[in-house]
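Engineer: Got a structure for you, written out below as structure tokens; questions coming shortly.
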Amino acid sequence: MSEPITEKKEAGPAEPTEEKSETTPADAPETPAAATPGTPVEAHKKREYKDFGHDDAEKNTHAKVDMSQIELKAEDLYDKEKVDLETLVMEDVFKLLQCTEDGLDPAEAARRLELFGPNKLEHEEQNPFLQFLSFMWNPLSWVMEAAALVAIALSNGGGMPPDWEDFVGIILLLLINSSIGFYEERGAGNAVKALMESLAPKARVKRSGNWAEIESSELVPGDMIAFKIGDIVPGDVRLTEAVNVSIDQAALTGESLPQSKKVGDQCFSGSTCKQGEAEGVVISTGGNTFFGRAAKLVGQDDDTTGHLQKILAQIGSFCLVSIGLFVILEIVILYPKYHYPYRRGLNNILVLLIGGIPIAMPTVLSVTLAVGAQQLAKHKAIVTRITAIEELAGVTILCSDKTGTLTTNKLTIDRNLVRTYGPFSGDDVMLLAAYASRTENQDAIDACVVGAIPDPKKAREGIKLLDFKPFNPVDKRTEITYREDSTGKLKRVTKGMTGIIVDHCTRNKTEEIENRLEADVEEFASRGLRALAVAYEELEGQDAEGEGNGFELIGLLAIFDPPRADTKQTIDDAIALGVKVKMVTGDQLAIAKETGRRLGLGDHMYPAKVLKDGPPPGGKHMSLDEMILDADGFAGVFPEHKYEIVKRLQGLGHLCAMTGDGANDAPALSRANVGIAVEGATDAARGAADIVLTEPGLSTIVHAIRGSRIIFQRMRNYSIYACSVTIRIVVCFAILAFAYQFDFPPFMILIIALLNDGTIMTLSVDRVLPSMTPDAWDLAEIFAFAVAYGIWLTLSTIALFMVLWHTTFFEDKFKVDGYHDDVNNNHIHMILYLQVAIISQALIFVTRSHGFFFMERPSVALMVAFGVAQLISSIIAAYANWYFTDVEGISGGWIGIIWIWNILWYLPLDFIKFGMKATVVKWLRERREKRIVDDRGEPLTRTQSRAASLHESLYSNRVNFIRRAANRVGFGKGRSVRMSLQELTTLAETELQRFGSLQAAHAGATLARNPSRH
């Protein structure tokens, strides 16, 4: 066993972290007794109790160039090639920032505010008008807009005026859809804006020697600030004074332990002061701070789109190709063969354009997602990227950070692992340890020890406190001297690092006890638990400063960061939903494995170095991708490792979600298909995430997964419906035009589209059941169903037309008027309008159900909307004598005939659905599964996360070129520095490592000390 390494530390602030890492060889002091050979006791003091430790702080540096060349501007101060303000000696920090400990004068502070900008993260606010226009900027809308131009500009022929009715109707339809989508998305955007509130709204600053409280956004580099326990550090600071300072920066570096800080150390913006008081000089603000840089790194590029836009592009392409094919056929058939006049042929083309385009598709999907986002908000989840809901439904792997996400980020004593070595029971040991802890102004260790006893009040009940020595970095232990009320005796208890406590023990310290202690400490270390030793002695007489009868080791406590109460159930629920959970943490391997065992995740985990070195030779994994897919998790990772893991899982074809709470999680949160920031996350993590949880725990994620799958089912149902209607309109009216020269009025198609849209909007609140496996868009299935339904509905319309035109069946059986004089009789137009309107809308009840349509109850909203639309359609059919669009009202007998006809043709639709599932859909699924098997072992194609082709990006609701143009002319209210994900992958490795600088240093030194573990 190697000799202990002496770690030189300055006296000063308390270090709860050190107390927590009490048994590290690096922290074992070289006492005079330990250095004197000869006695058995001295030999015992040389024992090495292996536990987790901390490394030496970064050494101060000097500027890398002549300081006279460095100017007071961001380009020089934050250029790491010239100077590093985070490690620069304090004298040079004041010199470079041109400030003193009396602070800046107000005039200089105002000048620097102009120079460096406000101390807050910049974000772009979208112009509402441009956001509204964006809903009319996609290929589906372009076709409708083209149809409007055709109606107003190209229709002015044949001695007829422009088609104002169709033009106004098309524009109205576009405006209605855009208004609904704008309203819903704007509401979601306001929720996001609320999340961008500053973490530290106020700051105490010294200006011209006087302390004052100002808005933290007004801080500038060179300001002198002060903060105390409970405060949030408002900027990146170098400390000039520090009294027992302990900083919780787990959200920034991924470590579960608070960090002690001394004079000269850096504190990150957004971290929390857990103990003590401090003063310091601000070295960076706003975007130049630790998580300000993170926000720049994870900012999405303007030209990125989501998975839903990709699907929408393919569905839109299907509809456009279908329409385009039949438009070309009408042009090459109607004009040459039937010698149609220019205007008549154009009206037929308008019918296909208006009726075939699912113009409401972007709006329906946006509204469905927006309503879903509101429902998720009830479960305390705020959706910041609305299309992430759809992607969450298809997530197959959830990568989760540990500290603060799976665990509470609050230290706890494991009551089941208390080890005793003396006459006291485990409960007694915990009570005595609580005696040796502060009950006010507690550090992390004292808080967890006192919190471990059933009633924290008992930490002072039955005793009279005579003397208390708090933890300090020199002694590395606490000590209490007290009088026991029941006996009047004076007693003393101490707790702290194992090596230190054992050194102070002189009574009943045998070889057997030390062997047991060493084994227990090593067992704790192997499981990622910190050991806290407790010793006890009694005093003779009533002198609180007198010598006792000698400390006796009485117990060892195990300290760990426990899993959240609901985490295990959440993980079990996620697995039941077909989502594999992997832990990806910056903490150490042993801690990760122990947490995995407690959560049921498994302990098949690897250190981060395998991501660079690959699987070991001769192992069961042939490639790094195979190892990543098989692993339960990874430990000791840097931010770039988390990013790489997510990227490789996506490359294997998985939709990946990532949870986290700190700036070190931000790159992976941004890369993931769905980034989830847990409650209490930093601004950097929130800015990178797609979903922000506002209450502790991960149970909301299970609600979100179930909710997203419900939303997915609604969108899938609508997609089948929309494609089916496209087929039925385009094929039906094209065939009637080819066979009978039938000219359906374009304006009536607009009426059908308007009523359909109003009904279909209610799908956003429809009752559907979520699937128990991850959802995926199988467009081949959707198109197959659409073609089958569309052809059947086409047959229903053509059959009706043929019967009423070629026979007198309806006149003979139902005594209604016949119309055989003209194929384009106004009454025939109205009959076909009503038949198409009724059965097309009713199709939604077939597409939304898995079994018979009447077995799955729809929402009340959908039923009411359908009933209202059908009533309006029937009233129009009865009373609308609109000669401008060539329709006249029909009798009640014809309306009844059409309803009966539609019911008879509607009933077989369920059997068509079952037949498709048993034949075509089954074949498509078998072919897909076979292709997956055949492709195994072939080069993998990376799954796109936020990027898509130019064609797909056209369906994004944000208009990139309009936004850029607006910024040029001053419409944009804010400009932010953004970086694409491709640029992120090419960043210097040192810059990415800044996200976890402390974490990286600690993990690296641990690997160096314990290479055999990896």
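Glycine is treated like the rest: Cβ placed from N, Cα and C.
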Engineer: Of the ranges 348-371, 516-539, which one does TrEMBL list as transmembrane segment?
Structural biologist: 348-371
Engineer: What else in the chain is close to the transmembrane segment (315-336), if you only count residues 6 or more beyond its ends and a Cβ gap under 8 Å?
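Structural biologist: Long-range Cβ neighbours of the transmembrane segment (315-336): 138-140, 143, 345, 348-349, 352-353, 356-358, 361, 719, 722-723, 726-727, 730-731, 734, 737-738, 741, 779, 782-783, 786, 951, 955.
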Engineer: Is the count of Cβ pairs under 8 Å between the transmembrane segment (827-847) and the transmembrane segment (348-371), pairs 6 or more apart in sequence, 3 or more?
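Structural biologist: Counting Cβ pairs under 8 Å (6 or more apart in sequence), the transmembrane segment (827-847) does not reach the transmembrane segment (348-371), since there are fewer than 3.
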Engineer: If I take every residue in the domain 'Cation-transporting P-type ATPase N-terminal' (84-156) and average their pLDDT values, what number comes out?
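Structural biologist: Across the domain 'Cation-transporting P-type ATPase N-terminal' (84-156), the average pLDDT comes out at 79.
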Engineer: Excluding the flanking five residues on each side, which residues at least 6 beyond the ends of the transmembrane segment (859-884) place their CB within less than 8 Å of a CB in that stretch?
Structural biologist: 165, 747, 751, 755-756, 758-759, 761-763, 765-767, 826, 830-831, 833-834, 837-838, 841-842, 844, 890-892, 894-895, 898
Engineer: Could you break down the residues of the domain 'Cation-transporting P-type ATPase N-terminal' (84-156) into DSSP helix, strand and coil, giving a count for each?
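Structural biologist: Residue counts in helix, strand and coil order: 42 helix, 2 strand, 29 coil.
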